[in-house]
């Protein structure tokens, strides 16, 4: 009986570490963005990085109007912008597409001033046929 207890106590930290690695934590992930330019008559798919995953959060069962409640979401901590220039566009067409590239991620309150705080669609979009 004592041997089983010692083995369980020694395995507990290893099991806890394995469990935390198996969760989908907030991290960089590769995504594809489909961009269509009707003016330029072309459609491309851009590969970039974004932030995705779960963040630890707690929601109180009792909701009080005096206590603000928010949940942490997986957000960009640092990012840069890159541009793609469509080829073969008419002279006055807007041929440049600028998109964000995540460099690092963090769990924080979503800032709706700079972020679309809705859920990211899991559907792969494709260009419309002309």
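Cβ coordinates come from backbone N, Cα and C, glycine included.
According to Swiss-Prot, the features are:
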- 1-18: signal peptide (SIGNAL)
- 26-74: disulfide bond (DISULFID)
- 30: N-linked glycosylation site (CARBOHYD)
- 40-89: disulfide bond (DISULFID)
- 51-105: disulfide bond (DISULFID)
- 55-107: disulfide bond (DISULFID)
- 110-117: disulfide bond (DISULFID)
- What is the number of other Cβ atoms found within 10 Å of the Cβ of residue 30 (N-linked glycosylation site)? 9
- Item | 26, 40, 51, 55, 74, 89 screened against residue 110 (disulfide bond), Cα within 10 Å - retained disulfide-bonded residues | 74
- Message: I'd like to confirm something. Which of the recorded positions, 30, 55, 105, 107, 117, has a Cα closest to the Cα of residue 89 (disulfide bond)?
- Response: 30
- Which entry in the list of disulfide-bonded residues, 40, 117, has its Cβ near the fewest other Cβ atoms, using 10 Å as the limit? 117
- Note on the structure: Within 10 angstroms of the C-beta of residue 105 (disulfide bond), the count of other C-beta atoms across all shown chains comes to 23
